[in-house]
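Let me begin by presenting the structure, written as structure tokens, before commenting on it.
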Amino acid sequence: MKKNILIVPGDGIGQEVTAVGKKVLDKIAEKYGHEFTYDEALIGHAAIEATGNPLPDESLEKMKQSDAVLFGAVGHPKYDNDPSAKVRPEQGLLKMRKELGLYANLRPIKLFDELLGASSIKPEILKGADILFFRELTGDIYFGEKGRKDNGDTAFDIAQYSRFEVERIARKAFEAAMTRGKKLCSVDKANVIETSRLWREVVQQVAKEYPEVTVEHQFVDATAMLLIKDPKRFDVVVTANLFGDILTDEASQIAGSMGMLASASIGDGTGVYEPIHGSAHDITGKGVANPMASVLSAALLLDISFGLKQESEDVINAVDQVLKAGFRTGDIADSSTPKDKILGTDAIGEEILKRL
Ligand code: IPM
Ligand code: MN
């Protein structure tokens with residue numbers, strides 16, 4: 001198979017972890033006789049520094065032309081404490097999602113058995129949990145009108161959803177539920193928020209097309225509690241952009257660490273694959289970042305964009321083997337991990353490559 005993959009490392013540890021993800025793709029190409037070619041593009045703070053624009057047209061054009069994008073992270077601490085900054089790295093990410101029509105963000109939450117001890121949640125609560133989140137990615141309060149009034153003393157952000165937007169993400173989630181445990185939990189705040197009432201109405205309607213799927217509706221506050229109390233009760237979860245952002249960071253603890261969680265953003269065109277963790281400037285350049293989320297994102301890319309199931313499973317197995325051999329990065333090590341088994345980004349990447 002011949003494919004053209006765009007590597008978009010972005011900021012912070014994005015550079016370090018996508019380098020490992022790319023090596024894994026290369027190894028897979030070599031092993032299975034595929035021909036992957038690569039190009040790179042700038043986004044985020046790195047793009048602002050180079051061009052003044054967090055998503056230059058050239059990057060967007062390359063994304064549209066490529067068969068899939070392996071993405072790192074965006075963000076820089078210098079903006080976090082400067083609310084007045086007009087140009088921000090995150091704008092690049094949001095524009096990319098909008099322009100590529102990436103309305104469905106899949107975040108699979110599954111714990112590798114070896115990491116039962118890495119989470120702050122009790123092992124007996126976690127064991128067997130397997131959740132697939134569908135976070136809507138191009139609507140909601142993220143993309144509605146925002147601004148200031150009253151001489152800047154009042155701020156507003158409008159949350160907006162159309163029937164069409166809810167319908168298409170709901171359908172994707174139901175389709176996935178049909179291939180899994182046939183259970184779907186739709187999360188909203190329909191007791192208070194109007195967009196949530198439309199959300200619930202539309203999900204109920206789409207549910208009629210999938211009579212085999214058991215549907216429940218939960219409020220977002222209750223869901224935040226249930227995820228920690230009993231994660232095994234969930235199969236597929238579908239929710240709006242902001243709720244999904246928050247709940248999946250929380251749910252990363254079910255997978256042991258943020259450093260393990262991959263995601264796929266899909267729509268009608270090129271798919272984008274990225275870790276759910278951010279740019280992590282506190283550990284940038286130290287060579288200690290966990291590259292497994294990027295490697296597992298590469299696995300999702302192979303499966304979803306290229307339909308290469310065997311290759312994808314191969315990558316996941318290699319990660320599993322490395323964990324079984326006792327190797328850890330700092331974020332997933334615990335007091336029982338011997339010092340010589342705690343590896344940096346490149347070294348654990350090499351262990352993964354060896355097993356491929
Ligand atoms: C994520 C991130 C982004 C988001 C930020 C960086 C804009 O937190 O992908 O989850 O809020 O969507
Ligand atoms: Mn987030």
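Including glycine, each Cβ sits where the backbone N, Cα and C put it.
As recorded in TrEMBL, the features of this protein are as follows:
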type	residues	note
DOMAIN	4-352	domain 'Isopropylmalate dehydrogenase-like'
BINDING	Arg97, Arg107, Arg135, Asp221	substrate binding site
SITE	Tyr142	site 'Important for catalysis'
SITE	Lys189	site 'Important for catalysis'
BINDING	Asp221, Asp245, Asp249	Mg(2+) binding site
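Under 6 Å, Cβ to nearest atom of ligand 2: this is the test, and of the recorded positions Arg97, Arg135, Tyr142, Lys189, Asp245 it is passed by Asp245. Ranking the recorded positions Arg97, Arg107, Arg135, Lys189 by how many Cβ atoms sit within 10 Å of each one's Cβ puts Arg135 at the top.
Long-range neighbours of Tyr142 (site 'Important for catalysis') (same chain, six or more residues apart, CB within less than 8 Å of its CB): Leu94, Asn241, Leu242. Checking the recorded positions Arg107, Arg135, Tyr142, Lys189, Asp245, Asp249 for a CB within less than 6 Å of any atom of ligand 1 leaves Asp245, listed in sequence order.
Under a cutoff of 8 A between CB atoms, and with a sequence separation of 6+ in the same chain, the neighbours of Asp245 (Mg(2+) binding site) are Arg135. Sorted by the number of other CB atoms within 10 A, the binding-site residues Asp221, Asp249 start with Asp221, the lowest. If you take the Cα of Asp249 (Mg(2+) binding site) and the Cα of Arg107 (substrate binding site), they are about 10 angstrom apart, rounded to a whole number.
Apart from Asp221, Asp245, Asp249, the Mg(2+) site neighbourhood in this chain, defined by C-beta within 8 angstroms of the site C-beta centre, holds Val220, Ala224, Leu242, Phe243, Gly244, Ile246, Leu247, Thr248, Glu250. Cα-Cα distance from Arg107 (substrate binding site) to Lys189 (site 'Important for catalysis'): 21 Å (rounded to the nearest whole number).
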